[in-house]
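Listed features, source Swiss-Prot:
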- Y36, C56, C59, H60: heme binding site (BINDING)
- 1-35: signal peptide (SIGNAL)
- 286-306: transmembrane segment (TRANSMEM)
Amino acid sequence: MENKNTFSWVKEQMTRSISVSIMIYVITQTSISNAYPIFAQQGYENPREATGRIVCANCHLASKPVDIEVPQAVLPDTVFEAVLRIPYDMQLKQVLANGKKGGLNVGAVLILPEGFELAPPDRISPELKEKIGNLSFQSYRPDKKNILVIGPVPGKKYSEIVFPILSPDPATKKDAYFLKYPIYVGGNRGRGQIYPDGSKSNNTVYNATSTGIVKKILRKEKGGYEISIVDASDGRQVIDTIPPGPELLVSEGESIKLDQPLTSNPNVGGFGQGDAEIVLQDPLRVQGLLFFFASVILAQVFLVLKKKQFEKVQLYEMNF
């Protein structure tokens, strides 16, 4: 009876341990897979520095263009679309984390004026939902609803990203005004070259950390290389580790200098930022403008009618 209880206890403990292990694995994998779009969120309170530079450029070193399109003016409490285009050659392949080649992903950050935010689902029209597709946007911070991030998402499908935006109503939001506002955007295609902790990814150039002669190049079992460099002056040996992905440019016996590239640059992507302006238009001002135009048109019509009437009178007097 005691052995049976012991067996049951051991079985229960093993089941609990396995369950905990599975939970830890799932949580770990989820955080790793989701880490990319929130790298900036984890390290920076605001994605736009005082200089105007968006912090994503700290990891994506290459510069590439982006294009942002928004309406010239919008009315209060109105849903409109901000369209971000991230152009690149769809035939390009990037180096993945495991060293293999794959398609490029894209990501973006949209910095809206205070009061502007992501439109709620019940305010988005079916036509706009079709343009958005399966994209899922999130706020940069819970208290920064005007800053939106997206990505990584497949570049072939989402090189054009449509953000559904809701404009504020100054009648209900005291910090909103009928003014012209700037909108800032940053977009990247492909993986970054530097991680937030400052370490290099495998999507960049690796340089020699010492001057000397390449004594040995060891190809690692899981990919990548270990390059042994011996300094001819003092015999000191340095080992530079190259992750899988970049292609070697040096060979054994070759003399190299400090900071000389050991690999090619595999990066085919890059980051770009842009800006646009939008006017939060006062409906009363629009109505006043329409009334003015209508008044001008009516005045012109009456003027034409009066002129024709005058011409008829003149013609009558001449005939008389």
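Positions of Cβ are set from backbone N, Cα and C atoms, glycine also.
C56 (heme binding site) is surrounded by 22 other CB atoms, counting those within 10 A of its CB over all protein chains shown. In sequence order, N188, G190, G192, Q193, G269, G270, F271 are the residues near H60 (heme binding site), counting only same-chain partners six or more apart with C-beta under 8 A. Counting only same-chain residues six or more apart in sequence, the Cβ atoms lying under 8 angstroms from the Cβ of C59 (heme binding site) belong to F39, G192, Q193, I194, Y195, P196. Secondary structure at C56 (heme binding site), taken from DSSP and collapsed to helix, strand or coil, is helix.
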